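Below is one structure, written out as structure tokens, with a few remarks after it.
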Amino acid sequence: FFNWKCLIVVALRLLFLVPAGVPARSGESYLKDNITVRQGDSAVLKCNVDNKVSRVAWLNRTTILFTGNEKWSLDPRVVLLNTALTEYSIKIINVNLYDEGPYVCSILTNKKPESTKVHLIVQVPARIVNISADVSVNEGSNVSLMCLAIGRPEPSILWKFRSSKSIRIITEGEYVEMTGITKDMSGLYDCITSNDISPPDVRTVQVTVNYPPVISRARSTGTAVGQKGILWCEASAVPLADFQWYKGERRLLNGLNGVKIENKGKQSMLTFFNVSEEDYGNYTCVAMNTLGITNTSIILYGPGAIHDVNSAALSPTSSFLLLTLVLTLSVLSKF
């Protein structure tokens with residue numbers, strides 16, 4: 001059976017004068033326009049015939065797909081269309097990249113061979129195949145982001161930066177290089193790839209920049225004796241800052257001596273439920289994380305005192321307090 005089928009293949013090629021799938025020079029050859037389809041779509045390859053045709057076949061390279069109405073291809077995606085008598089067409093369903101290439105419709109009419117060549121081009125939508133993982137680095141570090149994409153035609157790659165403050169296009173190409181990164185460069189980096197075959201493919205890298213605390217807001221407060229008084233300060237930091245409160249060199253503890261310390265995200269509040277004369281004075285808000293430490297002075301004063309309530313100056317701590325804070329920071333960094 002194998003030898004018999006081989007003989008038929010050879011006979012067909014000799015009959016149509018199509019050795020190895022290439023149209024014969026001795027007959028007429030018509031080159032049609034390229035057919036371009038998107039991966040996953042269907043492609044229809046058309047061949048015009050007339051009533052003088054005695055034999056007809058479709059070939060792909062060295063493979064015979066159909067001879068007349070008989071199917072030789074084992075691929076279930078390739079079907080013969082029931083079209084008009086003047087057309088001998090095949091359809092390839094769910095086209096993939098391996099279907100790309102030359103196809104030949106070979107015709108024998110009045111013992112004169114003719115062939116029509118069609119070149120199938122398969123376009124592949126742009127797709128991201130590899131991208132950097134989310135990164136967390138300390139301020140001042142160098143960062144490199146990578147995004148690789150495939151597609152036909154060759155896709156373009158664009159990087160977009162998004163943060164709470166801005167959205168902007170930063171560069172084109174597979175790589176983003178950042179030297180001496182700052183906290184303002186912390187955010188989302190979108191890799192956008194497209195080749196106009198389908199909607200863009202987008203994937204995102206989150207870049208977290210760690211930096212030491214910076215006290216951004218603090219306010220002194222005037223409160224009468226017997227009333228409730230609140231001191232608060234706010235510090236930006238990544239990771240979030242831990243807060244401590246001091247009066248002089250004495251650290252204040254939550255729930256002792258009529259005070260409550262409440263930390264919420266970037267803010268810390270020191271609450272006096274019943275202010276006394278002894279409570280008036282200068283307090284120090286300390287913010288720290290594993291990268292650094294800072295502090296600011298805040299004043300709780302009585303109704304008759306004159307203070308600039310809209311500002312709180314950064315001030316160095318005493319040597320004793322500074323030593324305590326450094327030791328605390330050292331312990332925190334070990335966890």
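Cβ from N, Cα, C; glycine included.
Over in TrEMBL, the protein carries these features:
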type	residues	note
SIGNAL	1-20	signal peptide
DOMAIN	23-119	domain 'Ig-like'
DOMAIN	125-208	domain 'Ig-like'
DOMAIN	212-301	domain 'Ig-like'
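The DSSP breakdown of the domain 'Ig-like' (23-119) into helical (H, G, I), extended (E, B) and coil residues amounts to 3 helix, 51 strand, 43 coil. Note on the domain 'Ig-like' (212-301): DSSP counts are 3 helix, 59 strand, 28 coil. Summed and averaged per residue, pLDDT over the domain 'Ig-like' (125-208) gives 96.
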